[in-house]
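As written in TrEMBL, here are the features:
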ACT_SITE  B:K69  active site, charge relay system
ACT_SITE  B:S144  active site, charge relay system
ACT_SITE  B:S168  active site, acyl-ester intermediate
DOMAIN    B:21-454  domain 'Amidase'
Amino acid sequence: MVYENPDGVRIGLEIHIQLNKLKTKMFCGCSTDYHNAAPNTHTCPVCLGLPGALPVLNKKVVEAAIKVGLALEGEIAEETQFHRKNYFYPDLPKGYQITQYDFPIVSNGKIVIEGEDGEHTVGITRAHMEEDPGKLVHIGSIEKSKGVLIDYNRSGVSLIETVTEPDMRSPKEARRFLDKFRNILEYLDVFDGNLEGAMRVDANVSVHWGTRVEVKNISSHKGVERALLYEIMRQKNVIRRGGKVSQETRHFDEGRGVTLSMRTKEEAEDYRYFREPDLMPMRITDWIPAVKETLPELPDAKRTRFIEQYGITDMHAKSLTSKIMLADFYEGVCAKGVDPKIAATWTADVFLGELNYRDLAISSYDGEKIGFIHAKDPRIKNSIKVSDMVELVNLFAEGKISDRAAVEVIRTMLDTAEEKTPSQIIEEKGLFKAEDDLVTKAVAETIAENEAAVQDYLGGTEKSLNFLVGQVMKKTKGTADAKTARDLIIKELKG
Amino acid sequence: MAKWMSVAQVKEKIEENSAEEVTAQYLEAIGKSKINGYITVSEKALEQAKKIDAEGHNGPLAGIPIAIKDNISVVGLPNSCGSKILEGYIPPFNAHVIEKLLAAGAVILGKTNMDEFAMGSSTETSYFGPTANPWDLERVPGGSSGGSAAVVAAGEAPFALGSDTGGSVRCPAAFCGVVGLKPTYGSVSRYGVVAYANSLEQVGPLANNVTDIAVLMDVIAGYDRKDSTSIDSKIEYQKALVEDVKGLKIGVPKEFFGEGIHPDVEKAVWNAIHKCEDLGASWEEVSMPHIKYALASYYIIAMSEASSNLARFDGTRYGYRANGENWHAMVSKTRADGFGTEVKRRILLGTYALSAGYHDKYYLKALKVRTLVKQDFDRALSKVDVLMAPTMPNPAFKIGEKIEDPLTLYLSDVNTCPINLAGVPSLSVPCGFTDGLPIGLQIMGKPFDEPAVLRAAYTFEQNTDYHTKRPSEVA
Amino acid sequence: MITKEDVEHIGWLARIEISEQETVEYMEKLNSVLGYFGQLDELPTKDVTPTYHVAEIYNVFRDDVVEECLPQEVVLANTEHKQDGAFRVPKIG
């Protein structure tokens, strides 16, 4: 099957990611751990742009950029350098941004995603290093602002800007691209996508192979799909009404889920790029082999290995490798000698499903426990131990608890902060699978007490059987295995 | 106390009396000044001297007072760069060279006057008014480090730090009859020095004699991890003070003796070259055909870099702020009011030279010409040890004489700015007078060959008495 | 030759407010300097590589080691326009 792309949609992305796993900023020793800090407490003369202060490049930034380049199968420039992009904005303390221009460190890469019609390659035009500006808070709303407060804690944090080819054909492909990209970055251990503002996306989108519209300022991951769906609908409607899509930059209003035309500036910007004279060029070819050696196993390779090594389905392997921390957790569980297939079901289907249902995102794995945090409220966080998952999988595999009980255990572990083992939870909630004679007794009682239903069932009303099973479950407080109860009833009534 | 003292003499005085007393005497001289050389006099100088007395005079510059150009950051002292736009700005950090000076025990007397953001050759563009030349109070001291040169010449500091982007140490040194060195690019850290043109400038010392230049260089030069353009040259400057030029090969680039040169300047410089010959050196003419393009190349590069460097002065975080209905209007007004005319001209020209459609015609072209100028130096210096030429084609001009026409003013940098394009070291040493005004001999060397430059300058100085002459106007 | 419109445009790019009268003055002075710069045109430089920097240094890095930041009160000490630990400026547009 070939995806026909009926609306002729072309989407390209420009993605800024913060190298927030680095300890310090790009050009100074200020800590990047500013997310819960008071304004302007993580700054120094360099990132405040005080007169006379000079930048010195953090080596880890270059190393991270090389890693990204290698992971995207791109070309790493033999010689690369920084430029100044000159423009005035209050979040930019020097009046220019140190960035890269005609010699980006990475070019011509690619990411293969699961597209509308199977594997689909998205080209990476370039990836380059640049510094983050500070953060502005508008007093009142942006439109009716009474003034602006500036916090330079973010100023100078390292960014990698990645520009794709317009190779995505639907908002879904754009989201899948971002999921995959983020996953790769987390594998490389240069990026933590859970921190606020860690990934910011600008998209360019056109329909019917027409004029490109830029949609700026999409801050959330999920926002991309919404913004693009809206923008495509808008462009299609403009054309349907006989209008023309104009080339412009639009702003995504996250709250309302719409894109809005940005007021055009009175004059076009002219960034007057020139080489940053305070920084020396880099020759990094000799460095690449050493960085290559430190590259971890990347998602696609891990997925293939999981299928081979653990005998699990591709669906499970894909799901388990969709986050490095989840993959490591799964392997941690398997290492304790449990059945990897059962472990895959309980990790990929149940555990991950319950996390998503609760809007919880995996945020850490330390070899002993996997941590997760609420996507919107960072105060809500919890963790589950490898040993707990092992115990749970074993209890289930040994038939000591029902699947319903196991789900209940996982839910309890996610929802309570108390550190309790699955056995303790099962004990407290009385979730152990009922003894067979208990079930037999409950079946006998049920048949005796529900004459009418029994007659209905024997008369051919199948529904009545479900009622009877329900009664048995009620009597056993849910500890009976439903299938066992059903079989017993049929055996009693029909021999 | 004699008004003009070498560092060695100051040291003796400190041992005889105290750092406190020596500092007090300099502060007294500054109090009576007729030249407007200081923008800020440090209130902490005496306290600092007392502390050094109490600690027992440790460090190579223990208790020795020094004047600092007002674009070099010192904690607690305003750093105006001679501009209104930095009104009230006090840096919370020291420049690397200041850290080095303080560690060596130096006492900071204050911050000296300069052309606004070092853009000028006369110290007239300062928001704080012009500095007078101690040799003739109606004349300019040169610039942009005019304050630093003038206070040394007037005996208001034993030595000083300036910065040299296109001649800003050597020009005022020549006009004020003192010694000034523009070190090889990379030898002195630029950290904490407010940038005018990053790829061209270096901090440089100004002093009454060549020895003191070397003393100061031994303290301020060296690698700084905070300046990515810093280079560890490991030069021992005082060791280069050898009174012997036998076998030294001098090149004389005829392009530095172009039209418009004052005949007395030409004569004095040739006399100096012949003096060196008498002392055992040899000389030959060398040709540097691209020198005549250096000035245009220099100004395009400097203005381009400056237009970007000075963008941070937007009234947002420090300094002067005008009122404006929105941020962009506030910034435009702040910069209109806060910068002087010459600074604005250079920002506009630099902006133009980098703008779409003109980048290649001006900026890129200038960088290519820079290559040709540098090759001229490489070629010339492959045959000789040092080059000698006039620092300035003319002696100090009258205050107000050139301020109206920027181009005329720019032309006075014709002999100094090529050096910055090439990044080589260059020193100006007094070599004569014309109508009571000092003349400077410029000695240029190979990159990191300050020792050859210092050796030539020191030998010339030890065998002449120009450096002992003092201006009577301020005596 | 630089025009009045050019002066206005670069004045905007450089965020320097220029009055009507100043525009004419700048135009004259800037043109005289640009005229002088024009002498570079006579020099053929097609095959010349530009020199951005005389120092031929490559790969200057620092290690990823945290250093002390400035205290907030020091950061804000050079302005009176502040609020809640932040710099305060007028609305942007």
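In case you wondered, yes, glycine gets a Cβ from its N, Cα and C as well.
Quick caveat, the model's predicted, so the values are computed rather than measured.
Contacts of B:S168 (active site, acyl-ester intermediate) defined by a Cβ separation under 8 A and a same-chain sequence distance of 6+ are given as B:M114, B:D115, B:A118, B:S121, B:G143, B:S144, B:S145, B:G162, B:E201, in order along the sequence. B:K69 (active site, charge relay system) falls within a strand when secondary structure is assigned with DSSP. Highest local Cβ density among the active-site residues B:K69, B:S144 belongs to B:S144, counted as other Cβ atoms within 10 Å over all protein chains shown.
Across the domain 'Amidase' (B:21-454), the model assigns an average pLDDT of 97.
In the three-state DSSP reading, the residue listed as 'active site, acyl-ester intermediate' counts as coil.
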